[in-house]
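Listed features, source TrEMBL:
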type	residues	note
DOMAIN	300-476	domain '3-hydroxyacyl-CoA dehydrogenase NAD binding'
DOMAIN	481-574	domain '3-hydroxyacyl-CoA dehydrogenase C-terminal'
DOMAIN	609-698	domain '3-hydroxyacyl-CoA dehydrogenase C-terminal'
Amino acid sequence: MNSLVTFEMDGDLALIGLARPPVNALGQPLRAAILEAAERAAADPAVKAIVLHGSSGLFSAGADISEFGSEASFAAPDLPGLLLRLTRLDKPLVAAIGKLALGGGLELALACGYRIGEPGTRVGLPEINLGLLPGAGGTQRLPRLIGAQAALDMMLSGAPVNAQKALDIGILDRLAPSAESLLDEARAYARELVAGQAQARPAVPFPEPAKGLPEDFLARFRQDNEPRWKSRLAPRLLLSAVEAACLLPLEEGLAREVALFKEAEASRQSAALRHVFFAEREAGKVPGIDASTQLRTIAKVAVIGAGTMGGGIAMNFANAGIPVTLLERQGDALDRGLAQIRHNYGISVKRGKLSEAQLEQRMALLTGTLDYADLADVDLVIEAVFEKMEIKQAVFRELDRACKPGAILASNTSSLDVDQIAAVTSRPQDVIGLHFFSPANVMRLLEVVRGKATAPDVLATTLKMGRTIGKMPVVSGVCFGFIGNRMLEPYAREAHRLVLEGATPAQVDGVLTGLDLNMGVFSMLDLAGVDVNFLVRDANRAAIAHDESYCRLGDELYALGRFGQKTGRGFYAYEGRNRQDDYEVVALAERLAGELHVPRRPIGDQEIHDRCLFMLINEGIQLLDEGIALRAGDIDLVWLNGYGFPSHLGGPMHYAETLGLDKVLAGIRHYQKALGDYGQMWFTPAPLLERLVAAGKTRIEPF
Ligand code: 3H9
């Protein structure tokens, strides 16, 4: 028997164990092995029932994602065909679902007539996160098992459900009392079925999955949800598959599902999302650290500064059950900070996401102090004070005096030199940058800034800690703005300059949101605060080689007190949250253009796209060349998780590969010439981009 499955006889039961670590991904070799084992059990008259399980306990994480986009994906036996064969066996098949059954793993379980889980089991159809839909019967069998509405909710959210929920809604028939007893319970279940001469498959609970729903349910569902889907293809295809489940007999529905799945698999969006899946896993692999790196314990944390950022950072740890000490200079600031955190949790309670008891538990993990001496026993301190080098250095001198040896000292700086901060301590090896993004309790990105002296175990510990608190940590080297904000600079520069040249803020933002970015540059600045942006820029004027032309607009808005949404006017005028174009801004741009001798002209959307995006991409490629980012995929993760770049474009680096690196380079060269002195100053192609194109490479990688 193929070593990817185990085959055991236990009386009149055949036990087939999936044995392809780490997650029993259902690639072609495993599919072939399952088919062979199933045929053997089917052909053996001594076998009365079959138990399918994960031999290491874990059932299956679904199809092998690395096969998609290649011939292996549907190489025989393909997953839909294998599962169809299993549904035609005339012996009861029990799926013993340990730990998880996701995607094709759950579809495999659905092809079995009977399913048993254990308390830790999670089941789900997360294909949507990969720009796919379930393609091995999930869209047809799940609606028939739990009804169309519940199945749609599960497949569109992609979120797994726990064992109890799976039992309640009918995905599981039984629950074993523990993971350890799962296989025994599955055997006992199979024996009961044999003894009771049970059918190979029980009757389908929802033979007509849409029965009882309003006639226009699916049409309305599409209408209500389409705006949220923006240009995403997979939810639309998924809905079509569920329509087929409601309207067609099973076999026809299955065929329709395969066709829709193949369309999704071949799409750029799915390729982009699969890239993101693997990039997220790669991001944890960092030269100089590996599984043998001893981690430091993080049982107690301190945050310096109880402002919006510090409070948000503290909440992450309280949410993960880790006690946090919040330090401020003044009692009233501390009280305000703690009250704000309580207020934030209160909003979650109102929304039903948190109970009052949980709110109190989390608040109980937060302790306020005004005294550095109270930080003597913390394992990690994160400084989140005003973004000024002297202030941060003063804090780090205090931390160096107060904290125990081995404590990790982190700065939440968004742009300052972590090495200069580390230099004022006696322990630069323990210092690291941990750049959270606002709102820090919500945003997933965590830039982990490795200083030149940062010890490998400090890096490894903070990466692990980041994942523990639910963040997506990405390693960056030290440079102004690190990965994200350094790339933001040329991207935002083009947006501003385009407004001087004749575009409106709404036109620029419209092109960017047309790509499905969450927000355009100007809406983002109005939300974050034109004043905040001005102050950061002003503090760093010397560090950024400024060209007056593109800063002037923001500077003048600041001088006019147009700070954005909070003052009702910024790049736009606001009534509540509704934004409108403001003629004053256009007039201001016209005046500034005159003063700066910038010719104004009608600007096309393509030019806006190319100038903003190509400059963003160019800077990313430069960061890779400088070694600030380790991989193109890391850069993508920064922009996906911190800047609202749509994941179905895969991030700016993946998007550049989709557009064609030669086209990006040609575009940059075009504007270098077309925009006169300005083009000469700013549109310099990154040398790595030139080298990659010259060598005919289509992927962005160090070269
Ligand atoms: C599908 O099923 C389509 C069908 O409907 C139709 C087909 C026709 N394939 O995340 P981890 C690897 S679509 C290949 O670090 P964790 C992963 O890359 C699929 N590889 O661990 C990593 O490798 P490495 C639907 C996979 O404990 C290693 O396993 N299923 C797959 O944090 C460990 O993974 C999904 O979308 C896979 N399916 O999380 C589930 N899964 O060590 C996707 C994992 O070399 N997977 N790997 O870097 C997950 O959500 C998480 O990996 C899981 C484990 C929760 C399973």
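The backbone N, Cα and C atoms fix where each Cβ goes, glycine too.
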Of the residues in the domain '3-hydroxyacyl-CoA dehydrogenase C-terminal' (609-698), how many are helix, strand and coil by DSSP?
69 helix, 1 strand, 20 coil
In the domain '3-hydroxyacyl-CoA dehydrogenase C-terminal' (481-574), how many residues does DSSP call helix, how many strand, and how many coil?
63 helix, 4 strand, 27 coil
Mean per-residue pLDDT computed across the domain '3-hydroxyacyl-CoA dehydrogenase C-terminal' (609-698):
97
